[in-house]
């Protein structure tokens, strides 16, 4: 009986021991995927990540045709469910943004060195095309300050707008055509992810710099400077030098009074609208009120006889066709393509950012690639109808949103008002002073200088702040094109730096858990004696593989010096390693050889499927040993150094 009792006790003890023994899951070779499936998955995730064809599945042919038409022309979808009560909000919003866009368009056209009517043309045809093809309910289409300045400065570098006016206009239409082609191609071939290379920080800096540059450019009109020798450059030094050197030619005091008075009025109206959202209509109609009052004042006093510069003439009537004026051959074809591609990308970046902002606020989906196709089509058609590059305007879109727009019908209402203006009201703008247009432009671009966003960028990411300031000072002190180039260059430099110099963290055990985390983030985490645990926070590619190997070896040397003891195991947590290429495999092999010479064992934990596939395909998994590849760091520790397991 005693022997039976002893055997029972041994069995119970063994069972208890098994219950307390940690289960270690074996990381086996993953099932092999077919090459076709891998390529198909990669292609889908790159170009069709949003699965645009899902609505077409299991649908009859007639339904697929309807869905296809709706995909190209969203107006078919929202038009079928349009209700009469929605029309009220769209009409109010359309009339409100029309009152804002008409004076702005005249000013923006002058910013692009074009006659005033071209600004109005660009708020007539493009919004109609967008209303049919665009998927945003809130975006308001038309010329914008930044693109107008960019287009004007780049074309002016090729053709003098005063000496060769006809060729200048032709190059503007050519650039608009290629801006549309660029936008359409990016959307059609689903390459919208390319515009994401211009980071938010770089855009904030670029827009802020453009706001300063645009405002400085308006000093000529605001101060009444008439000299033809005023600089054509956009940098702050050149503009301020022109302002002061032309002071002896005389600043017109009547112009200054008109400009400064109405600028103060416009900024006050903007402040009121910002403080009290219900009074959004105040800053919206303030530009039109300014134009009406200043025009009436100049008309009754004949201030133009005292040196106040006025608009004088705006062409009356609908957009004339301009297809025959586009350069399809000759030396200006390549120049038009270059200018158009740059302007098109900037316009696209602004429009998509605005559309996504308001879509998030109203909780509806915005297809970025469809937006690009819509914007591209409207600019292609616009280039054939005497328009220059149009895009989404943030100030107008914000007014459109706050005025209660329901659909893109508000753009159609705005276009109808602009059409009536072109037919009936343009002669009334004859006595509008240029100083008012300068005031309207300055008040419109003030909001582009987003200092709050710059402060936030500084708090969050110092490298992002460098990108922001690089773009800002590049635009202000060098020029718009160079500022844009600096913005793109710094954005790409940041990506390259993050790829080539990934973070490699030293891990420790968080007390009373089996979790291993970065000891810098968790100072209370404890290291395991005789073991170094690191985590590579990036894919391992040819661009960073040598750095990863050398950095891990440096960490190993530092730990040996600090701990004053022999290291037996190096554990690499590969959870964040999404992929590894041939150079990465070779680098890991070199690391394994270096460790073997030091009699240190290499251990890998939690490699992803793509990584594990390549480790087995290269036979590196066999070199390391399947028994040294674990699911978690805790599994590796419990197996290799069970006595050290917390």
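The backbone N, Cα and C atoms fix where each Cβ goes, and this holds for glycine too.
Given the structure is predicted, the values throughout are model-derived calculations rather than measurements.
TrEMBL has this to say about the protein:
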type	residues	note
DOMAIN	521-640	domain 'STAS'
TRANSMEM	139-159	transmembrane segment
TRANSMEM	171-189	transmembrane segment
TRANSMEM	201-219	transmembrane segment
TRANSMEM	251-272	transmembrane segment
TRANSMEM	279-300	transmembrane segment
TRANSMEM	339-360	transmembrane segment
TRANSMEM	372-391	transmembrane segment
TRANSMEM	411-429	transmembrane segment
TRANSMEM	436-458	transmembrane segment
TRANSMEM	470-493	transmembrane segment
Of 139-159, 279-300, 372-391, 411-429, whichever stretch has the most CB pairs under 8 A to the transmembrane segment (470-493): 139-159
Secondary structure tally of the domain 'STAS' (521-640) (DSSP, helix then strand then coil): 60 helix, 21 strand, 39 coil
For the transmembrane segment (139-159): best-contacting stretch of 279-300, 339-360, 411-429, by Cβ pairs under 8 Å: 339-360
Beyond the flanks of the transmembrane segment (436-458) by at least 6 residues, Cβ under 8 Å: 103-104, 106-108, 110-111, 145-146, 201, 204-205, 207-208, 210-212, 214-215, 218-222, 258-260, 262-263, 266-267, 270, 286-287, 290-291, 294-295, 311, 394-395, 464-465, 468, 472
Contacting positions for the transmembrane segment (372-391) when only residues 6+ beyond its ends and CB under 8 Å are counted: 109, 112, 114, 118, 121-127, 129-130, 133-135, 141-144, 147-148, 151, 172-177, 179-188, 192, 319-323, 326, 340, 343-344, 347-348, 350-352
Intrachain neighbours beyond the transmembrane segment (411-429), with Cβ under 8 angstroms and 6 or more residues off its ends: 90-91, 93-95, 97-98, 101-102, 105-106, 116-117, 120-121, 123-125, 127-128, 130-131, 140-142, 291, 295, 311, 314-318
Long-range environment of the transmembrane segment (339-360) - Cβ separation under 8 angstroms, sequence gap at least 6: 135-139, 144, 146-147, 150-151, 154-155, 158, 171, 174-183, 186, 192, 195, 198, 203, 366, 368, 371-372, 375-376, 379, 389-394, 397, 401, 481, 484
Mean predicted confidence [pLDDT] for the domain 'STAS' (521-640): 92
